[in-house]
Amino acid sequence: MVASPSLARGIFASYFVLILSLFAIILGSLRRRINTIGHVPRSALVFAALMVGSFYHTWYYMIKFLQWSFHDFESHRSDMESSLLDRVTQWLIGTDLFEQAWRHVCQGPLNWWWSEQLCILTVGIWTTFLFVQGSQRRIPSVWAYMLLGQVVAISVASNLFFAAIVLYDDSPSERKSKLKSPRRTALIPVRVYLPILLSHLTILLSPTVAQPDSKWFLPNLLTMHLLIVLPLLNLGSQNTQRSSLSLGTFYVMLAALTLIPRAQTYLSLPYQDLSGLARQLWATLYSHPAQSSIGFDVIWTTASFAVYCAAVGGAEIGLLGLVSPGLALYLDSDYH
């Protein structure tokens, strides 16, 4: 919470300025690439359509969350400001929207079952994917895709990045170099895998620190978001290090790390038959607008990864991508 009305309004406005700036950086680079190759590949249009759909769906609920938060804040106040601007300002001063939304989606095993999936996919597979593909194809401003995913939706940013991969793979010289596509033997330097591994620790801590009386929730959440940006800030320095891991080895490590928190979450779910649990999870998805936003981000991201995996590895890899995007990418050693 902030004490200054102008600062509160400024922070809120800067959030949307950041979103517009990131879109401008990414779309500007994609437009320049389209001008270079002279056309837009059909698969890039598919990912563009998925991006629009995911943006509309997730942000429909994000706006619903902002409305809910505003009305919830006013319901606990006896003194009402005269103008709407003053009321909105008081709401912004008295509410930490970022923490409010995330704390809700991390509390309780049913809520966390949805949110944990997105956290695990983002800090592990997607961060590694951005690094490897961005380095291999020299895609500019890869960090912007990660930041956009954090402030808008991972599904929106991932579809834009899939489109970027298609565009940066669509020239005669690059078609001849497909053997240089990332393989299991590609190296992941320590400056990349160490922040990713540390970020998994924040995922393990999230359900515990999400309790109402915990002061560590926001620091833990911010640490997770910061750690996965660091590996993407300087893709140009590609020096081979003795402490590097092969891509295949690192994917296996990520799979093992995934099992620990997922098993912990499944064991904490209410014991009942599978159909009853599925109904409860579906009801949880619609239980709160913040939960709906992140839950449908999970669904859109998973579907988008499946489409990408199918495009580069065939229908079987695409179907596997619906269950485990990381395993699908690992098995398709020629993915690009």
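Quick reminder: no glycine exception, Cβ is built from N, Cα and C everywhere.
Per TrEMBL, the features are:
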{"type": "TRANSMEM", "residues": "12-30", "note": "transmembrane segment"}
{"type": "TRANSMEM", "residues": "42-63", "note": "transmembrane segment"}
{"type": "TRANSMEM", "residues": "142-168", "note": "transmembrane segment"}
{"type": "TRANSMEM", "residues": "188-210", "note": "transmembrane segment"}
{"type": "TRANSMEM", "residues": "216-233", "note": "transmembrane segment"}
{"type": "TRANSMEM", "residues": "245-263", "note": "transmembrane segment"}
{"type": "TRANSMEM", "residues": "305-331", "note": "transmembrane segment"}
Query = Where, among 142-168, 188-210, 305-331, do we find the most CB pairs under 8 A to the transmembrane segment (12-30)?
reply = 142-168
Inquiry  = I need to check the long-range neighbours of the transmembrane segment (305-331): which residues 6 or more away from its ends have a CB within less than 8 Å of a CB in the stretch?
reply    = 43, 46-47, 50, 121, 124-125, 129, 158, 162, 184, 248, 251-252, 254-255, 258
Query = Under a Cβ pair cut-off of under 8 Å, which of the recorded stretches 42-63, 188-210, 216-233, 245-263 contacts the transmembrane segment (142-168) most often?
reply = 42-63
